[in-house]
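Peer 1: Okay, handing you the structure first.
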Amino acid sequence: MKGHGSISAWCVDHPVATLLLTFALVLLGAIAFPRLPIAPLPEAEFPTIQVSAQLPGASPETMASSVATPLEVQFSAIPGMTQMTSSSALGSTNLTLQFTLDKSIDTAAQEVQAAINTASGKLPNDMPSLPTWRKVNPADSPVLILSISSTQMPGTELSDYVETLLARQISQIDGVGLINITGQQRPAIRVQASPDRLAAIGLTLADIRVALQQASLNLAKGALYGESSISTLSTNDQLFHPDDYGQLIVSYKNGAPVQLKDVARVISGPENAYVQAWSNDQPGLNLVIFRQPGANIVDTVDRIQGELPRLEAMLPASVDVTVLSDRTKTIRASLHEVEITLLIAVLLVVAVMALFLRQLSATLIVSSVLGVSLVASFALMYVLGFSLNNLTLVAIVISVGFVVDDAIVVVENIHRHLEAGDGMREAAIKGAGEIGFTVVSISFSLIAAFIPLLFMGGVVGRLFKEFALTATSTILISVVVSLTLAPTLAALFMRAPTHHPHDRPGFGERLLALYERGLRRALDHQRLMLGLFGLTLGLAIAGYVFIPKGFFPVQDTGFVLGTSEAAADISYPDMVAKHLALAKILGADPAVETFSHSVGVTGNNQTIANGRFWIALKDRGQRDVSASQFIDRIRPQMAKVPGIVLYLRAGQDINLSSGPSRSQYQYVLKSNDGPTLNTWTQRLTEKLRANPAFRDLSNDLQLGGSITHISIDRSAAARFGLTATDVDEALYDAFGQRQVNEFQTETNQYNVILELDAKQRGKAESLNYFYLRSPLSGEMVPLSALAKVDPPTVGPLSIAHDGMFPAANLSFNLAPGVALGDAVIMLEQAKNQIGMPASIAGNFQGAAQAFQSSLASQPWLILAALVAVYIILGVLYESFVHPLTIISTLPSAGLGALIMLWLLGQDFSIMALIGLVLLIGIVKKNGILMIDFALEAQRKGGLSPQEAIYQACITRFRPIIMTTLAALLGALPLMLGYGAGAELRQPLGIAVVGGLLVSQALTLFTTPVIYLWLERLFHRPTPAPALASTS
């Protein structure tokens, strides 16, 4: 190849310049490496915003209709939104908005705020505040959990310190998206009225409410502008302590003042008395910290950890802050495992080179090319803005084989010229020049296989863009280094081999002798070889059709998330007791390092019947089970606690869900008819529970909540001048923990809460003590005169919407050995078997939805890779036919990959698919090495096609074996990997190793036969390669 030959010749004649330029490449890579950000995976998450709204005391139905719906109407007009879900429970609504990948999260946030402002006029007037939003995905795993406790400080005081000093400061750190303070007990003034005292004096809860609203204000007052000074006006208009509120005069009876303390108990207490959190078995507060979508996890946690000493110094000495869970530990461990894998791959490849080349200088030259190419690739990664993550490092690991391929082909050809008696300089120039076109063909056709990955859409495409470009960059660097540095070093240091005539043949020579005998037999039985090729092609297609399909392997990140569910009408004390029983079992498991849990309405937990667990497992080397095995092991133990179920799922680096989920996969049903939806959701749930392929299957309906219904006699109320609004207001005053006022300090603001006395709040009989004042006569009217209490009924604890329609979410894990593709089919079959009506729409969400999209595009991706390789080869060889010979190596590789995956119990996941795409680029080099030599022998040597291909196979056998072994050994550590993140990398390694083994065993014999068959079929002179040299 003339162009590359001249470059090689220039480098050989200018060794100092070549070595200095090479040193510059290495230096740039060495400088870039420590500056590369660290991440578990390339950034590929959907921009997601969570909106929260509170109206204490409002029922789920009220929250759904009066809060969620007005917001959803406005949010639905935001461009680029792909999914909108909401969950409404007692007193709260959470909405999750997910946008397209190319939507700016900052732009989305501005549009969300504008929509909230527009909707505010249609929201209830008595909402304490407008809805708030955060840039966070509530389905994500927390990046850091801090435990805060104190043996001397009351819970309300500790909560105040944590909120004002810790949470606020940490929330300002770049990358932090949301902080849930689980177990938070914000300080408040609680006014607990006695209904019988009020009735005896002739007062109502409305009288107390009005007195409280007017008693404490913080308004502007102005200033005194004197001739010599200005004095700001100040009053004691705010009340801060329970005793101050107790002195308030609510009314006068018979000329005597009635103070608040006469009819109510005023105390300092928590704003929410029904919430608690624990770290392991110790009560306290937990800061559950989530990152913003798109923020680098490691950088975010490092920034938080860097600020912690300063923040801790601001807290009282009695407050203890400990890191309960740090997600970056497993990320760093996973990347460390990949780095070890890279080192092992390099050592294995170098060992193979030494075995075949049997010359120290040749081995060192190949090793130098490998080292320079890998280090220099870090510089390109830095320029492209990539991170060091599992996929980019795997790309470098797998590139070890590719990089060595180029160097081997060049060095082996130089070695052959030295054996033929050429001088060192002449051998270097001729060897590199002759083989330059082959190196370019191999590398460019390999890069062509990556081209479809760059155009993949959705999350999968975003994930693998960095993978493909990292591998491509490394390959391009290796082409340049192999054709410049390798011949330069060969001209300086590589000597002609000095084998003694009586030396025993080396391993390569013995292997070549075996191959030569087998090749002769293959050429003598060409029909048999063609039949074997056809069988291989058929089996590969059938294998792809029937192998179980999956998405990404379930990772072991060392972190497990749990959601507990008890009876919908469970009391708070009972829920606490059951949670502590679950925690005791967790604490006894040897795989658990630390855990935290909480109950009550806090963070994303909207009901008392549900709780949250965050479990950090020990390092992978310190436990005998994976995260999934841990879940399977502890599930039956947790089932021994009656009246509660704990759903567990392994935390994943690839998170595509848009809301909290109890299990790994989600399926959503929606309809405009809520009752019908509930009925069919329960039927489908029971049907799937009978299928052993599904584990931890549940839905989020929770229809067993207790509802006490009060029927208002509107005619009777009208006679007293009362309305339904008056009744609602009285009930809200009594049972809604109504926030009737607030007071501010320099650092925070606190609520004043009105409610019934604690002894009366939980009894329906308390309604008999209720009195309302008639605006017509002023008399006290008992509630029983205008309303009656119906027997309790059941209803939903929460109401879910998906795209403004009533929705029900099914969550499930899969039994070991069950592929996601099979589960998708079984779920659809179950819907058909129960006869679910067409009026109920269903679709997968999160990972399962992305899997369905990727499954539909898989055949097209494989076809696109084949077409891209064919086009590149056709251009290089100026032929429609010879690329077919080269591509004929691929069916055996695909068959080998599928067989190896099946033997090792792996499904055909996205990582296995990428391994198959890599094989398309790798295995066709055998054909290129053969065909390139055979065409040259026919054109210049005048050999017949059979003689030419025979000589090609024998002459190029050693580089074929060496390059294949290099690629195989580069992938072998991925296949055998153990430790953090290994389950993500293994399918790729398995596919590559299996494909190379079978391909190497078959194509060395089938490719020559196919070459001859196509020659006979088309029988036309073969033009010179487009880039071939005429040396």
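Including glycine, each Cβ sits where the backbone N, Cα and C put it.
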Peer 1: For the record in TrEMBL, which of the ranges 11-31, 956-976 is the transmembrane segment one?
Peer 2: 956-976
Peer 1: With the transmembrane segment (435-455) as the reference, which stretch in 364-385, 391-414, 860-877 has the largest tally of C-beta pairs below 8 Å?
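Peer 2: The stretch with the most close Cβ contacts to the transmembrane segment (435-455) is 860-877.
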Peer 1: How many helix, strand and coil residues does the domain 'SSD' (373-492) contain under DSSP?
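Peer 2: Final tally across the stretch: 108 helix, 1 strand, 11 coil.
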Peer 1: The transmembrane segment (884-904): which same-chain residues, six or more beyond its ends, come within Cβ distance under 8 Å?
Peer 2: 445, 533, 536-537, 539-540, 543-544, 547, 866, 869-870, 873, 912, 915-916, 919-920, 922-924, 926-928, 931, 987, 990-999, 1001-1003, 1006-1007, 1010-1011, 1014
Peer 1: Please indicate, using numbers and ranges, the residues of the same chain that are 6 or more beyond the transmembrane segment (467-494) and have a C-beta under 8 Å from a C-beta there.
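Peer 2: Counting only partners 6 or more residues beyond its ends, the transmembrane segment (467-494) has Cβ contacts under 8 Å with 4, 7-8, 11-12, 15, 18-19, 21-22, 25, 42, 359, 361-362, 364-366, 368-369, 372-374, 376-377, 380-381, 384, 386, 391-392, 394-396, 398-399, 402-403, 406-407, 409-411, 414-415, 418, 424-425, 427-429, 431-432, 436, 439-440, 443, 446-447, 450, 453-454, 914.
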Peer 1: Under 8 Å between C-beta atoms and at least six residues away from its ends: which parts of the chain pack against the transmembrane segment (340-357)?
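Peer 2: Same-chain contacts beyond the flanks: 363, 366-367, 370-371, 374, 393, 396-397, 400-401, 404, 408, 411-412, 415, 506-508, 958, 961-962, 965-966, 969-974, 977, 979, 985.
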Peer 1: Given the transmembrane segment (910-935), which of the listed stretches 364-385, 391-414, 528-547, 956-976 has the most Cβ pairs that are under 8 Å apart from it?
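Peer 2: When the Cβ pairs under 8 Å are tallied, 956-976 comes out ahead.
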Peer 1: Count the CB pairs under 8 A between the transmembrane segment (956-976) and each of 391-414, 528-547, 988-1014, then give me the winner.
Peer 2: 391-414
Peer 1: Tell me, please, if the transmembrane segment (391-414) and the transmembrane segment (528-547) are in contact, taking contact as 3+ Cβ pairs under 8 Å between residues separated by 6 or more positions?
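Peer 2: In this chain the transmembrane segment (391-414) does not contact the transmembrane segment (528-547) - fewer than 3 Cβ pairs sit under 8 Å.
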